Amino acid sequence: MDDEVSSLARHQNMLKEVASSKQESKSILKHYKRSFSGFVADLTEEEANKMADLTEEEANKMAVHEGVVSVFPNEKKQVLTTKSWDFIGFPINVERAQPESDIIIGVIDHGIWPESQSFNDIGLSSPPSKWKGTCQAFDFNCNNYRGEDFTKKNIASPRDSNGHGTHTASIAAGNPVSMANMLGFGGGTARGGASSARIAVYKVCWSDGCDDMDILAAFDDAIADGVDIISFSLGRKITADTHFSDALSIGAFHAMKNGILTVCAAGNSGPNHASVMNVAPWAISVAASTLDRKFVTQVKLGNNKFFEGTSLNNFDLKGELYPLIYSRDAPNKEAGFDGDSSRNCPINSLDEKLVKGKIVLCEGNEGASEAFRVGAAGLLIQGTKYINVAYSFPLPACYLHTNDATKIRKYIHSKRTPTATIFKTNELRDTLAPEVPSFSGRGPNNVTLEILKPDLTAPGVDIIASWSLLSPISEYFGDNRTLEFNIMSGTSMSCPHVSGAAGYIKSFHPTWSPAVIRSALMTTAKQMSPTYNQDAEFAYGAGQIDPVKAVNPDLVYDATEIDYITFLCGLGYSQSVLQLITEDDIICFDTASARDLNYPSFALKAPRPKHRLSGSFKRTVTNVGLPMSIYRAIVTVPKGLTVSVNPSVLSFTSLGEKKTYVLTIEGKLKKSINSASLVWDDGNFQEKLVWLPEHNFQIKNIFNTKGSMRLSDMLMQARKKRKCPTWMGETEAFQGKLQQASKGGESSSSCSQVVNAETRLDMWVQSVGGKNKGRIYGTRDRSSLYRTSVTSLVPDSRPSRGCANFLSQQSNEIAAQIAAFEEREKAAEHEAREVREELRKVEQRRQEEVQQTEQHTTELQMQLATLAKSVASI
């Protein structure tokens, strides 16, 4: 308490010294003292500059004994807004560690709806003893399942009136709730990743936004309260010097110092380059990706032409055609609007007399509230950014691609009485998932180009989760519908997926550092296709998370506070500033390089496009797999570049052993973006293969990932090239079956051409998998892909019905073999995990025995020394 009082007094003295008017006293609005030091006050620009220039030496002269690291304005953060866990291979019956209920996930957001079944505490004990927080709620009681908190006093409760905080919290650690749905859409069991973990809620967002000063207060409390993971689905546009002028970066740094991992959203400002938010290297930045489920809404015009878009429309017009009007043709002239200003449908822009009872086409995203206000029968919205995202509207509506909207406008102006109808939304399967949606923030990381951001991707499109009953299910004015569950999209939804996965990993490995957990998630991530994600790693980072594999990553990249300080030295931060941050003596060496931060990825910028480049990266890996293991480096690079690894073989003899290597890149870029891969292969488990996308040269380091190309990707590439891939030969067995299929009047040559193409394709698929032959992603589509794609691969062939039946039979057999292989593979993986866990326990017991022996030896030596002294005195 005395320290807190003296800290406040020092800050008041600092404020007094910089005040322009000595007569007018200034007050401290917010004071941070639990986990780090700082305060909030109203300052003029002159006073702020004077405060920023207050060095430690000057502060000592003022007898306040504290220098200033940074002064920055109190800005507002933006919110960045179930099948998703199953989609990423994390089933509800996944193996869980007993200590998961001791994991505490801190959620910094809008608060929580405590009555939701997602937060029911039935069957749970009291919070773990490490929890030091308090319940600060007047309108409900905090339960054993959740510790609640808040940081702003204008509403003295963490109750969520927005819905965003409840949604993100339930994704991270909500209970399984069966029969969850939103207006009948997305039905199933909604659950969190670490479903047995606790949640500590820190409400920092209000109707006018999320203030930096409240965010810092939340970090200050969360660190002192004893949380394990912090989930932060907020963000703002980054600046050049964002590390210590941004509340998230500052708070996450101090969380890292205390062993707490911060997971944050990559932002919704894509698809522009360098649009990624929250790029601090001591936090995880998460991009969004799609599920294999999409919501499709059809629109029918009076000329019987159909268009397909997206929305969550449960309103049933029963196929009835309504008059159709273009917003530009219906301006509210009495309110001062013309055609140009009414086309986007802002509030009060439409003439109610012209639009009421009609379906209106608006060009902007803001038209729902206005269409609802004037009594429109329906709404068509045009755009491209949210074409793969489904939103709910307060009236029948559909979001259409701009090209389709243009055709509808032409139809409107070509008919005297244009009409249309909007059908109810259908739920379909998305075979191209996972893809990164256009809104998700992209790299490069303009603050530090050597650090690849975003780090990972996780489901963030059309995610169903719990909702606040105080908040309508859409953000449009006039919509009063409330539900217990809602479907939302954004990197806000991706972030808590990784927070939950991190909590799950922490329950198995309580002593792992934030950097090790991040490394485990990144190096086991599932590869995503650059064919459907042109920005490659700048869009999806290391790939889509795989929490089950991340529990056993084999090798990890750890980083401590000292490593990050060295990184900051390499960026040019002064020793005095870093000493204020760490409160320790700091010495920056000239050799410090930001490129050598022990990060699980690499990024190197060329001086200019298609220019020669050269650079080296130093990395250290820690063995958390088998005690006795040998890993060999496998490097894959595009033409024009050379990548060497020294040493290329890493040999380990114990758990926790560290090995250092240097990776060197030289050559000339062929494209503006080039990617390569480094894989450490131990030869005992599955092949570790990675994608080769394209951008200002990043290399991804992946361990323990499976490496076969999706069949759909290969077919797409083959169709684009209009030729077959490089074939690997044929087999005698297939020739025999081919002869049988050719009997009974079949054309031997044509059937041979088709079947040989299938044979070659299958062998090529297997060859891509290396040791992992037969492992093909998307096997549930395999039979239909065989039948529909053969003629595309071999354009001149037209298989007859008998040949097609033969192909169908063969593809079904192959699919069954693959399914059996996958079952064996799962069993082998489970057995491998059990063996690793047993080896880990054996190693742990061995180390404990060694410590006990050493302790016993020390005690004997002390007894001998005492005995010797006694003998000497005699």
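Every residue, even glycine, has its Cβ placed from backbone N, Cα and C.
Annotations in TrEMBL come from automatic prediction, not curation.
Summarising the annotation, TrEMBL assigns active site, charge relay system to Asp109 (among others).
Here TrEMBL flags His164 (among others) as active site, charge relay system.
Packing around Ser492 (active site, charge relay system) is summarised by its Cβ count: 31 other Cβ atoms lie within 10 angstroms of its Cβ, all protein chains included. What TrEMBL records for Ser492 (among others) is active site, charge relay system.
For the compositional bias 'Basic and acidic residues' (831-849), the residues of the chain that approach it from at least six positions outside its boundaries are 95, 551-552, 625-627, 654-655, 685, judged by C-beta separation under 8 angstroms. For 831-849, the entry in TrEMBL reads compositional bias 'Basic and acidic residues'.
The predicted model assigns the domain 'Inhibitor I9' (4-52) a mean pLDDT of 69. The domain 'Inhibitor I9' annotation in TrEMBL covers 4-52.
Residues or ranges marked as domain 'Peptidase S8/S53' in TrEMBL: 101-543.
Marked as domain 'Subtilisin-like protease fibronectin type-III' by TrEMBL: 596-684. Break the domain 'Subtilisin-like protease fibronectin type-III' (596-684) down by DSSP state and the numbers are 1 helix, 52 strand, 36 coil.
For 831-856, the entry in TrEMBL reads region 'Disordered'.
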Which listed residue (Asp109, His164) has most other Cβ within 10 Å, given these are active-site residues: Asp109
Helix-strand-coil residue split for the compositional bias 'Basic and acidic residues' (831-849), DSSP-based: 19 helix, 0 strand, 0 coil
Alpha-carbon spacing, His164 (active site, charge relay system) to Asp109 (active site, charge relay system), which is rounded to whole Å: 7
